Amino acid sequence: MEMAAYTVDALAQLRDRAPLVHNITNFVVMETTANILLAAGASPVMAHCRAEVEEMVALAGALVLNIGTLQEDWVEAMCVAGEKANALGKPVILDPVGAGATTLRTRAVRTIMARCRIAVLRGNASEVLSLVSADVRTKGVDSSLALSDDGVAAVKALALEAGCIVAVSGAEDCITDGGQVYRVANGQPLMTKVTGIGCGLSAITAAFCAVAGPGAGDHLAAATAAFAYYGICGDRAIQTSDKPGTFFPVFLDRLYDTGPETIRAMLKVRAA
Amino acid sequence: MEMAAYTVDALAQLRDRAPLVHNITNFVVMETTANILLAAGASPVMAHCRAEVEEMVALAGALVLNIGTLQEDWVEAMCVAGEKANALGKPVILDPVGAGATTLRTRAVRTIMARCRIAVLRGNASEVLSLVSADVRTKGVDSSLALSDDGVAAVKALALEAGCIVAVSGAEDCITDGGQVYRVANGQPLMTKVTGIGCGLSAITAAFCAVAGPGAGDHLAAATAAFAYYGICGDRAIQTSDKPGTFFPVFLDRLYDTGPETIRAMLKVRAA
Amino acid sequence: MEMAAYTVDALAQLRDRAPLVHNITNFVVMETTANILLAAGASPVMAHCRAEVEEMVALAGALVLNIGTLQEDWVEAMCVAGEKANALGKPVILDPVGAGATTLRTRAVRTIMARCRIAVLRGNASEVLSLVSADVRTKGVDSSLALSDDGVAAVKALALEAGCIVAVSGAEDCITDGGQVYRVANGQPLMTKVTGIGCGLSAITAAFCAVAGPGAGDHLAAATAAFAYYGICGDRAIQTSDKPGTFFPVFLDRLYDTGPETIRAMLKVRAA
């Protein structure tokens, strides 16, 4: 697939259709996630109460489940929302924030993945590799948190086993369905110094999936396009500020004004 | 009423008295709401626990109830806080975020309005019209979400029925007690691309009500002045940035430094 | 102790070791706190669920307990996390947001202090003095919320009674173990016009304590260094913007780029 043309078209559709993205996400990033979605051209809604998540997801184009600042009762609401999204054919994006750090979070990811069909699992390398065996975990991430070759192989195996796209943020992002692998070299290390930029990418991935087709191939392309667009906005923002406080508002401006020519000129995606 | 002179005087009183505004509001906008109130010159406090809302509202000059990211147990805390505010003669501002989208939210608004006397109901056109009959809803908002003439009539009828000021944000804001109608043409469409700017206006309306008299006429003037001041700050901010990320910090600066001369020069309010 | 040299060295260690700071904090400031910690060079995590706080604090270098937007079930999670931190020898910083305003908050502070050994209690003058007798309270703060001589004496007595460092933000900050008193003159009044800057200082104090030794003398120096560094960043930021919206991103930039020479040139600490 020609990813520059795909990304340009997907972003145009996103801005034209302004899909509603339903987020059940952590308290730290709710505001940032909403602003990231708005700047890109999507419509955010946050709703976590068991009593309304089914109605809300029925109005949405995609669902994000993010397990930061988790509470036990939220897991049930996430599963119910995910099941409803599955029934309605809407893509579900899972962000396993802090998986591997505590039993609560690791179990929550397993529960959600057992009960809901996930379209895209998006996290950083340590979060994603916490979901595979301990041996792979040790070998899968080097000291700079980049994926080693063993790490890429583990991510592919996880995608096949889980039956979903796995999308790993890092120095060079890795997005795979278990067979095809895309690597995205756009993006800046400074993006890890602002809270919510990682979680925001899960939401942007959801917005791209909301305007894509329903198959795994569609989700693979949509996730790759989301990562490329997002990374390009980071690459552009750092030209204005290389410090985290002033970087973030500029990054939102770039989500808002990045257009076709810029994407064609700056996109760095390779099929690996 | 001469709204420019009123607005200048009300803002001076707000900055002089720095009223404490008690917010029971949604997770997405808590920080933004606090920063908006601080920049304008008011004092924010957020407290939602049933065990402390009565004590907290007793210290405050006004109460904001906002139903975004709603949980069932928060509705009871909102009602208790609202009843206490009523007993103490403090104005209650209700922001029906997402009313009409889910049963939980629509019912919460009805419960709160049944138990508490609301001074000002502030929302966008679709939220406010979700509280009237389905027929009006369809006719009340055109595709740009502006109020049609039918919409204005419906908003007036709602104000009379509910016995409160209804204040609707839009291309031209509409604030009414059911008889008198004020339209405010200040403000920018970009303000809808930053989360929390709408909710922040409910909090600013509360701050203006906190320094106004206790009658419906006082609340009508206070809400209109709040909308005008807020819109002027948006009109000024967009002169510095027309993109959402950098717009917002500049908007806060304008809330902080907008003074009498600017209000007199820029205010666009008409009695309709 | 020579505080400039100590502060320079402590900040270098903080940036080198990037300690994980576990925050159980209020909804309003979660994002801001995370961004403040990241900009300074620390690693933030927010986790409040009883089921995971013990595991999380075991991974962390320090724990922050902040009682804003309090719910009753969070107090138990705070105490359990604090007890675990005590057992593991990790410093606990308590921020008594709104203590004195409601019974719930005042009681929560007393419960936490009864069950957990606090390293540093950090608040503003009215919050801290709410924990001592009513008579002192009245005399301890003048109309500008600066500590009077009686106020300093009360803060020293509280430090001795509670067996912890007490650190009070104000026009001139006051940090004491009950014997030695440091006063820090860095910092700007505008910092009180942005929500979360006060709470963020509690988190930065935690980060400095995480890289200091375990004794009260170590915590006294670490808290003083945290206040000086933080105030210097405010003093630098106001050179770029003296309005609250644009001040805050610049303040984050200064947390990120303030180095040894600047600290040596700008630090204003006196032993009182």
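Cβ atoms here come from the backbone N, Cα and C positions, even for glycine.
What TrEMBL records for this protein:
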type	residues	note
BINDING	C:Met46, C:Gly196	substrate binding site
BINDING	C:Arg122, C:Ser169	ATP binding site
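Annotation for C:Arg122 (ATP binding site): spatial neighbours C:Ile93, C:Leu94, C:Asp95, C:Val166, C:Ala167, C:Val168, C:Ser169, C:Leu201, C:Ser202, C:Thr205, C:Ala223, criterion Cβ-Cβ under 8 Å with sequence separation of six or more. Chain B comes within the C-beta cut-off of under 8 angstroms for none of the binding-site residues C:Met46, C:Arg122, C:Ser169. In sequence order, the binding-site residues from C:Met46, C:Arg122, C:Ser169, C:Gly196 that place a Cβ under 8 angstroms from a chain A Cβ are C:Met46. The local packing around C:Gly196 (substrate binding site), expressed as other Cβ atoms within 10 Å of its Cβ over all shown chains, amounts to 24.
Cβ neighbour count for C:Met46 (substrate binding site) (all protein chains, 10 Å cutoff from its Cβ): 25. Around the Cβ of C:Ser169 (ATP binding site), the number of neighbouring Cβ atoms within 10 Å comes to 26. C:Met46 (substrate binding site) falls within a strand segment according to DSSP. In the three-state DSSP classification, C:Arg122 (ATP binding site) falls within a strand.
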